[in-house]
Amino acid sequence: MTVLTENTYKPLTNEDAAALVRKLKLIDGHDLAVSEIGDGNLNLVFRVQSSTESIIVKQALPYAKVVGESWPLTLDRARIESEALILAAKYVPDLVPKVLYSDSTLAVTIMEDLSDHSILRKSLIEGTAFSKLAAHIGQFTARTAFYTSDFYLHPFEKKKLVQHFSNPELCKITEDLVFTDPFFDHDTNEFSSALKPDVEKIWNDELLKKEAATLKYQFLTQAEVLLHGDLHTGSIFVTEKSTKVIDPEFAFYGPIGFDLGQFFANIALNYLSQHHHSSEPFNRKETQETLLTVIQETWTVFQNEFTRLVHEESKEVFARTPGVLQNVLEKTFIDSVGFAGCEIIRRTIGLAHVADLDSIPCEDVQLFLKKKALHLGTSLIKSRKSISSIEQFTSIIRGA
Ligand code: SR1
Ligand code: MG
C-alpha cells in the first residue's frame, strides 16, 4: 500500500515526507518541520517534527548515494531493513528502533526518532565511553543469531527465512568492497600515494590473499544465522544507558562471526585513532584500554548468552552433545577475527573509509596510523587460527 497518490516509487521531497506522516497520523500537529539529515552512504533520511514530537522517515534511493546514479541499487533493501528490525524487536526489543510503518513500493521505513542518542562512531572519536555498550552488543549478536539459527528454528522455517532475507545486491557490495577490491589494484580503492608501498605489499601477499579468499568463501556460502550485515560503529546509536542498532539493510543469512568481526574492527580502528584523538598519554591509554575491554566483554557476553540459549531453548537434538556447541563457538571466534582483519583493511584503503582515521588533520599521523591498521588487519587474517582467546586478540590490537 502506498500513501502518496500513485502506487509507484518516487524519491520523497521534504513536503512529501510531511504529507506522508500527516496522512498516516503518526504524530499530532499540522505544522510539521522537515529536515533531510541522511549522512550515510545510501539513503534519504528525513526528521519530521511537530512542536511536541518527532519521527524518522527513511527512504532507499534506487542507487548508491555515495557514488551516484551510475551505481544502481535495489529498493528491496528497504523491505529487508524494516523486516529485519521487526524480527530483531522480537528478541532484543530494547536494542532496535521501533518501526511505525513501512511501504516496500515507496521503499520507506518510518521509525522512532533517536535524536536523544548519538552515533557511536562520533562519540568514540570524542573519547566518550559507554558502560553498557558491550553487554548490549553481546546480547544483540547472541540473541539475533540464536533465534534465527538451526539450533532454534525448524529446518523448514529456517530455510524460508533464508529465502526471505536473500539480499544478493547488498551482499555483492560487501563481497566486493570488504573481501575483494582491497586485495587487488581496483578502482574503488582510495589511499594516498604515500601508503602505496604498504598497499602493494598486500596486493603481492599470496598467503594473505588465499586467507581473504577463504573468508570471502565463508561469507558467500555459510547461511548460519540472520546477520545485521553492516554492524560498524556508524550503525549504532548510544546513550550511557541505551544502545540501538540501526540500518540492517545489509541483513542476510551468513556466518555467525561476521557481525562480531565488523564491530571488533571498527572498535579497533578507533583504538588506533586514539593515538591522535586523545593527546594526553594517560587519557589515551585509559581510553584505549576501555575500548579493548569493550571487545573482550562483547565476546564474553555473546558467548555466555548464546551458550545459555542453546542449553535452555535449543530444539536441535545434537545441541547438548559434548563438543558441538564448543566447535560452533570456536569457529565463530576465529571467523570474527578474520572478518575483523578484512574490515580493518577495507576501511583503510577501500571504498567507504572511517572518520576515526580520515578526520585526523595531520597527514603524517594519518599515514602512520593507516600503516599500523594495514599491518594489524593482515596479521589478524593470517594468524586467526592460532589466536585462541579474546585476551590474545586484544593483546594483538594493543601491540599494533
Ligand atoms: C556503496 S555502500 C558503502 C558502504 O556503506 C555501507 O554502510 C556499507 O558498509 C557499505 O560497504
Ligand atoms: Mg548503513
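Quick reminder: no glycine exception, Cβ is built from N, Cα and C everywhere.
Heads up, TrEMBL stuff is auto-annotated, nobody curated it.
Note that the coordinates shown come from a computational prediction; the quantities given were computed from them, not determined experimentally.
Per TrEMBL, ATP binding site is recorded for Asn43, Lys58, Glu112, Asp113, Leu114, Asp247, Pro248, Glu249. Around the Cβ of Pro248 (ATP binding site), 28 further Cβ atoms fall within 10 Å across all displayed protein chains. DSSP assigns Pro248 (ATP binding site) to a helix.
Annotation source TrEMBL lists substrate binding site at Asp230, Arg346. Annotation for Asp230 (substrate binding site): spatial neighbours Thr174, Asp247, Pro248, Glu249, Phe250, Gln262, criterion Cβ-Cβ under 8 Å with sequence separation of six or more. Under DSSP, Asp230 (substrate binding site) is assigned to coil, being neither helix nor strand in the three-state scheme.
Look at TrEMBL and you will find 34-264 tagged as domain 'Aminoglycoside phosphotransferase'.
Every protein chain considered, the tally of other Cβ atoms within 10 Å of the Cβ of Asp247 (ATP binding site) stands at 24.
Closest to Arg346 (substrate binding site) in space, going by CA atoms and restricting to the binding-site residues Asn43, Lys58, Asp113, Leu114, is Asn43.
Within the same chain, residues at least 6 positions away in sequence whose Cβ sits under 8 Å from that of Asp113 (ATP binding site) are Arg47, Glu53, Ser54, Ile55, Ile56. Proximity to ligand 1 at the level of Cβ atoms, with a cut-off under 6 angstroms, picks out Asp230 from the binding-site residues Asn43, Lys58, Asp113, Asp230, Glu249.
Cβ neighbours within 10 Å of Lys58 (ATP binding site), excluding its own Cβ and spanning all shown chains: 26. Comparing the binding-site residues Glu112, Glu249 by how many other C-beta atoms lie within 10 angstroms of each C-beta, the top residue is Glu249. Residues Asp230, taken from the binding-site residues Asn43, Glu112, Leu114, Asp230, are distinguished by a CB atom under 6 angstroms from ligand 2.
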